[in-house]
Amino acid sequence: MKEKKQNRHVYWNPYFGGFLLGILIIFTFFITGRGLGASGAMKSSVVTIVDDVSHEHAEQSAYYSKFVNNDKSPMNNWIVFETLGVLIGAFVSGALAGRIGWRVQHSPKITRRRRLIFAFGGGILFGIGAQIARGCTSGAALSGMAVLSTGGFITMLAIFGTAYLFAYFFRKNWI
Amino acid sequence: MGPLIPNELISFEWSSIIAIIIGMFFGFILEASGFSSSRKLAGVFYGYDFAVLKVFFTAAIVSLIGLLYMDYLGYVDMSSLYVHPTYLWGAIIGGGIMGIGFVAGGFCPGTSLSAVAIGKIDAIVNVIGIMVGIFIFSELYPLFEPIYNGYFQGNITLIDSLGVNPYWFVFILTVVAIVMFAVTDMIRKRVKKVFY
Amino acid sequence: MVNRKLVKFLSLRYKILAAILIVLAGGLVLLPKYEKHEGISPEQLLSNAISPERYITTDELADRIINQDPSLLLIDVRDENAYKKYSLPSAVNIPLKKILEDDSESYLNQDEFDVILFSNDNFHSDQAWLLCNRIDYKNLYVLKGGINKWFNTIINPKKPTENMASNAFELYSLRKAASMHFGVAYPKKVHKQPVIIKKASVAKTSTAIVPKKIIPKKKKKKMPTEGGC
C-alpha cells in the first residue's frame, strides 16, 4: 500500500517528452544559435561566491579570472537566466502533477543518510567532470549531439559508458 | 535567416527574457518526463526504467532531423551554430568522471535543478555537491589544465572527423536508436519491476 | 467497432511513430542535393553593381590621402611586378588572382576601413569588386580610372586653357598641390621622378601603416565561446 502511494508518479510518455525536448532544442538553436545547458549557472554561482568572499583570490586564480569581469557580474549570463527558467518550469510541472514536497528519495534498502552522502559525492564528481569536459549531459552531450559535434558524442558515450561500467558497484543504492 | 540573435534579427536585449522562457520549457519537460526522480534516472543503468535513454535519444534525433531539414530549407544556417568544442581527452575523462557521478548521485545538473524545484532534498544536496566539485576543480585548476586545454581539435563535427555524409549518419543513428528502444523494452520486461 | 479499430491502431502506435521517424530521416538522405547559393542575392548584386556609389574619383582619393584619412585601405589588384614598379602610397598588393585566397580575406572582409580597389584602369579592379561584393564584403570602392587616371589628373594634371571655366583652374591648382604632396617637383616635368619618390614613400608608409591595418573582421559568430553547461 505504501509502495503504491509512493508510486504515484505519472509521467509523460518518454517519447513524447523526448519529442518536445527535441523541438525545444531546435527552437533554442534557431533563436540563440547555441544549445541548452545547466551546469554553467552553477559555475557562475561558484565564481560569484568566491569573488564575494575574496576578490583577490578570484583575480589571481587562473580559472576564476576567466569569468570574473569587473564591470559585469558573472551572474548576468544567458545560462543563469535559463537556469532560473528551469526552476520555474519544473516547479510549475511539479505543482500541476502534485509532486511538490520536501523529501529524500531513496531505495528502501538504504538509509536516508547514505543516500544524501552519495548524492553529495556524485555531485562533486559531476562538478569536476563537467568542468573538464566543458559541459554536462545537457550542454555537451545533448546540445552537442544536435549539431553533430564530435566532442558532444564522445562526452555522451563516455558518460553512459562509464555509468554502465560502474553501475554494478552502486546497485545497492538503487535496486 | 536563423539563428536569430547572432544574426541580429532579434535584439540582444531580448536574450535574457528568451533564456527564461526557454529554460521554463526545458524545466517543464524535464520534470514532466520524470527526470526529477533520481531512481527513475538510475533505472536506465539497471534495466528497470529506460526513460532517460528514450527521452535523450528521441530528443537528439528529433533535433538533428529538424535542424538538418531547416538547414536544407534555409531557415537556419548550421555552420553558424555553436558547436561544442572537441577536447578529446577532456571529453573522455570528464565524461568518465561524470558517468561515475551520475550513477552515484543519480542526477545530472539539469535534472537535479528540476528536482530542486519540487523540493527533493537529495537534489539540493546534489547541487551543493556539484558546486563544491566546481570549486575543487577551480582550486586545483593548474593540476587539471593539461587535460582541460590539451588535445584541442577545434569546434569540429562528426562530418569533419569521420568524413561521413551527415544525412546518412542521421539515418543510421535513427535506425540504431529505434532498434535500441525496442531492445530496451524487451530488457525491461525481463528485469524485476522496481517501484519507486 | 470503431473502438476495436482504435485499440488495434494504438497497439501499433510505436511502430507507426518509428516508421515516421525513419521515413523522415530517410527523406534527408534522398533529398535532392543542390549547391547552396553563397553570398548575396543576384538582385542585390545587380543593384550594387549599377550604383555609381561604388566609384571613388582620383580627386577624392587624393584629398583623403593628403588628409591622412585613417579609414582608408588601398588595395592594388595588379600583379606583383606592376606593384613593385609603382603603386599608390601605402597600398597593399593583392593580385586579382589571389583575391579569394584566405590571406586576402583579412584585408578585404572587414568593416573598419574603406577598401579602395585599383588597377591600371578600372577593368581589373571592377572584376575584383564584383568578386568581393558577391561574397558580401563591405565598404568596397573602385578607383575610377585607376592608376592611369591618377597619373593624368593628380600626378600630371593638364593645365587648363584660358578659355575654360574658372572651376577648371581651381581644380588644376588643387591637383597641382596634390601632386606636389605626392612628390612631383614643379615646374620640372620629369616623368620618372615620381616613381622613385613614390617607391620610397611606399616603402616608408607601407611598413609604418600596413601592419596596423591587418585587423580581420570578426567572424559573424559573435556568440560567447561558453557553450551550454
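Backbone N, Cα and C atoms are what each Cβ position is placed from, and that goes for glycine too.
Annotated transmembrane segment per TrEMBL: B:12-30 (among others), in sequence order.
Per TrEMBL, the feature transmembrane segment maps to B:51-75 (among others).
TrEMBL lists B:87-111 (among others) with the feature transmembrane segment.
TrEMBL lists B:123-144 (among others) with the feature transmembrane segment. When Cβ-Cβ distances below 8 Å are used as the criterion, the transmembrane segment (B:123-144) is approached by residues 36, 38, 101, 105-107, 109, 112-113, 115-116 of the same chain, each at least six residues removed from its ends.
Taken from TrEMBL, the feature transmembrane segment applies to B:164-183 (among others).
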Surrounding residues of the transmembrane segment (B:164-183) on its own chain - C-beta under 8 Å, 6+ positions past either end: 50, 53-54, 57-58, 60-61, 64-65, 68, 157-158
Contacting positions for the transmembrane segment (B:12-30) when only residues 6+ beyond its ends and CB under 8 Å are counted: 5, 36, 110-111, 113-114, 117
